[in-house]
Amino acid sequence: MTNIRKSHPLIKIINHSFIDLPTPSNISAWWNFGSLLGVCLALQIITGLFLAMHYTADTTTAFSSVTHICRDVNYGWLIRYAHANGASMFFIFLYFHIGRGIYYGSYNFMETWNIGVILLFLVMATAFMGYVLPWGQMSFWGATVITNLLSAIPYIGPTLVEWIWGGFSVDKATLTRFFAFHFILPFIITAMVMIHLLFLHETGSNNPSGLNSDSDKIPFXPYYTIKDILGVLLMLLTLLSLILFSPDLLGDPDNYSPANPLNTPPHIKPEWYFLFAYAILRSIPNKLGGVLALAFSILILMLFPTLHMSKQRSMLFRPVSQCLLWILVANLIILTWIGGQPVEYPFITIGQMASISYFCIILILMPTTSLMENKLLKW
């Protein structure tokens with residue numbers, strides 16, 4: 001009798017994806033982030049579902065319903081902070097996952113990479129809409145500022161903004177539709193993740209050397225299942241420490257004040273994981289230019305396969321490119337810092353310099369460095 005694991009139509013799919021999957025024997029801890037993102041997504045959907053049971057998407061009661069969850073619902077505070085800080089963990093892992101992809105040349109799997117970029121956009125949209133739901137000051141003004149950016153689109157802009165708002169300002173209609181989208185998008189993300197994995201399993205995983213590893217594969221279980229479980233335990237330890245010791249570390253105190261359309265907070269800023277993009281947006285004095293720079297700062301990821309000039313796939317044996325990548329990381333950290341600062345000298349200038357460097361490193365320096373390395377290696 002054949003093993004049910006290999007014969008049952010449904011279990012067979014799981015088997016080929018997580019158990020008998022041939023995996024390179026040399027993938028490092030940088031390959032753990034995919035599974036960690038999966039766990040984060042599951043955690044967000046579960047905590048979100050429980051929050052939705054008690055939340056009301058109405059401007060008059062949204063803020064107090066979140067307060068009610070924290071004060072009166074059994075372990076409501078835990079669910080709420082797990083959801084809020086889980087989003088931060090999600091983005092940390094997303095950025096590590098993308099960084100790994102850039103360092104080891106994983107973007108050469110074109111379909112997998114492009115679906116990954118679409119996933120990033122979907123997760124960013126979901127996080128933005130989720131931030132609006134508690135209906136605090138930063139929720140309201142964040143929604144107003146970010147949706148208003150679309151008014152920079154020529155001709156259809158202003159109409160588009162009012163269409164998204166469902167009125168002439170961010171109000172009840174906006175909150176209701178944001179809740180609807182925030183609820184449905186994670187399930188769309190889950191479907192996209194499955195497609196992401198489908199395309200990944202067509203080619204097999206990349207590995208640190210960037211070389212073909214068909215000659216040296218091991219089964220996913222038990223080797224990488226154990227490795228992934230270790231990653232998950234470390235993640236849960238970090239997340240629980242954050243939730244139980246300083247749950248508001250990454251939040252904004254302004255969001256503990258109910259939304260007031262008549263009172264603008266002194267510094268409007270998004271959650272920390274959007275600050276780098278926000279800094280790029282603010283560094284350009286022109287509204288449309290800023291919006292285009294903002295969009296392109298993420299869309300630029302789609303150009304990586306085209307900009308890959310090296311004869312080697314991975315950066316493992318390319319020290320100059322490695323240096324450039326770490327400069328890019330430092331640059332992104334500077335942008336994140338600038339995004340949280342007020343718009344005044346010297347922050348404006350630093351932000352502009354960092355924004356220019358961001359695009360220059362990716363579009364000019366990295367490809368030219370790759371060509372130089374090819375020359376040095378007489379390739």
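Counting starts with 1 at the first residue shown.
Even glycines carry a Cβ here, placed using N, Cα and C.
For reference, Swiss-Prot has these:
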- 33-53: transmembrane segment (TRANSMEM)
- 77-98: transmembrane segment (TRANSMEM)
- HIS83, HIS182: heme b b562 binding site (BINDING)
- HIS97, HIS196: heme b b566 binding site (BINDING)
- 113-133: transmembrane segment (TRANSMEM)
- 178-198: transmembrane segment (TRANSMEM)
- HIS201: ubiquinone binding site (BINDING)
- 226-246: transmembrane segment (TRANSMEM)
- 288-308: transmembrane segment (TRANSMEM)
- 320-340: transmembrane segment (TRANSMEM)
- 347-367: transmembrane segment (TRANSMEM)
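Features per Swiss-Prot, on structure.
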residue: HIS83; record: heme b b562 binding site; Cβ contacts under 8 Å, 6 or more apart: GLN44, THR47, GLY48, LEU51
residue: HIS97; record: heme b b566 binding site; Cβ contacts under 8 Å, 6 or more apart: PHE33, GLY34, LEU37, GLY116
residue: HIS182; record: heme b b562 binding site; Cβ contacts under 8 Å, 6 or more apart: GLY48, THR126, MET129, GLY130, LEU133
residue: HIS196; record: heme b b566 binding site; Cβ contacts under 8 Å, 6 or more apart: THR112, ILE115, GLY116, LEU119
residue: HIS201; record: ubiquinone binding site; Cβ contacts under 8 Å, 6 or more apart: HIS16, SER17, LEU21
Top Cβ-contact partner of the transmembrane segment (226-246) among 77-98, 113-133, 288-308, 320-340 (pairs under 8 Å): 77-98
Long-range neighbours of the transmembrane segment (113-133), counting only residues six or more past its ends (CB under 8 A): 48, 55, 57, 62, 66, 87, 90-91, 94, 97-98, 101, 106-107, 139-140, 142-143, 146, 174-175, 178-179, 181-182, 185-186, 188-189, 192-193, 195-196, 199, 270-271, 273-274, 298-299, 301-302, 304-305
Recorded stretch that, among 77-98, 178-198, 347-367, has the most CB pairs under 8 Å to the transmembrane segment (33-53): 77-98
Tertiary contacts of the transmembrane segment (178-198), as residues 6+ beyond its ends and Cβ separation under 8 Å: 17, 38, 41, 44-45, 48, 52, 55, 57, 112, 115-116, 118-119, 122-123, 125-126, 129-130, 132-133, 143
